[in-house]
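Trainee: Before we start, here is the structure in question, set down as structure tokens.
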Amino acid sequence: MRLILLGAPGAGKGTQAGFICQRYGIPQISTGDMLRAAVKAGTPLGLQAKAVMDSGSLVSDDIIIHLVKERIAQPDCAQGFLFDGFPRTIAQADALKAAGVRLDYVLEIDVPFEAIIERMSGRRSHPASGRTYHVRFNPPKIDGKDDLTGEALLQREDDKEETVRKRLQVYSAQTRPLVDYYSHWARVEPAAAPRYRCISGTGRVDEITARALQALAC
């Protein structure tokens, strides 16, 4: 099972990636993990990437694609892999295609933006204990207070509505076009393209997992 998982920030990709990887016995691969591992190992590509990052520049798609090919050639990818957060742009998707990396599925987890904003902006946490709440779905007994200590709950910067909306704007501009890219490729070249599937990411976690596994079985 070789697949790409697509979806907006807050759509639940990380949660579902864990279940999918467990079901198929495949690793979850992100470009960040690949870069860190290559730099730590001191590989030629890792040293190239480190020099670029140290200069404050972005690592080129060419280096990323070479890292991807190195990573998926490792033994733990014998049964497949799940790309999380990659490709991020049409240019990366084109480079992946040109490199001949074979894929079975592209799975999109679709959640309306307003639902994502509500889901993320409603999160609250008690930093000292790690306890988490949600103003609508899992509210504390007293608004804004931790249930056990009565201490104030905090909202992470990443979860503030303005920040969430900005992240969704970036996704719409850079990554959302990949949905059209892969769905179009699947229509015009069904024998060569990965199968494109889209599921709803709303509902209980177990319901979404069931949808994902069903989509990957057909």
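Note: Cβ is positioned from N, Cα and C throughout, glycine not excepted.
Since this is a predicted model, take the numbers as computed values, not measurements.
What Swiss-Prot lists as ATP binding site is Gly10, Ala11, Gly12, Lys13, Gly14, Thr15, Arg123, Thr132, Tyr133, Gly203. Here Swiss-Prot flags 30-59 as region 'NMP'. Taken from Swiss-Prot, the feature AMP binding site covers Thr31, Arg36, Ser57, Leu58, Val59, Gly85, Phe86, Pro87, Arg88, Gln92, Arg156, Arg167. Residues or ranges marked as region 'LID' by Swiss-Prot: 122-159.
Let's see these features in context: how buried, what's close, how far.
Mentor: Its own atom aside, the Cβ of Arg123 (ATP binding site) has 20 Cβ atoms within 10 angstroms in the protein chains shown.
The helix, strand and coil residue counts that DSSP assigns across the region 'NMP' (30-59) are 22 helix, 0 strand, 8 coil.
A sphere of 10 angstroms centred on the C-beta of Phe86 (AMP binding site) encloses 20 other C-beta atoms. Phe86 (AMP binding site) falls outside any helix or strand according to DSSP and counts as coil.
When the region 'LID' (122-159) is classified with DSSP, helix, strand and coil residues number 3 helix, 12 strand, 23 coil.
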Trainee: For the region 'LID' (122-159), find every same-chain residue at least 6 residues outside the stretch whose CB is under 8 Å from a CB in it, and list them.
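Mentor: 167.
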Trainee: In sequence order, which same-chain residues at least six apart have a C-beta under 8 angstroms from Tyr133 (ATP binding site)?
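Mentor: Correct list: Arg123, Arg124, Ser125, His126, Pro139, Pro140, Leu153.
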Trainee: Express in Å, rounded to the nearest integer, the largest CA to CA distance found among the AMP-binding residues Thr31, Arg36, Ser57, Leu58, Val59, Gly85, Phe86, Pro87, Arg88, Gln92, Arg156, Arg167 named in the record.
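Mentor: Across Thr31, Arg36, Ser57, Leu58, Val59, Gly85, Phe86, Pro87, Arg88, Gln92, Arg156, Arg167, the widest Cα separation comes out at 31 Å.
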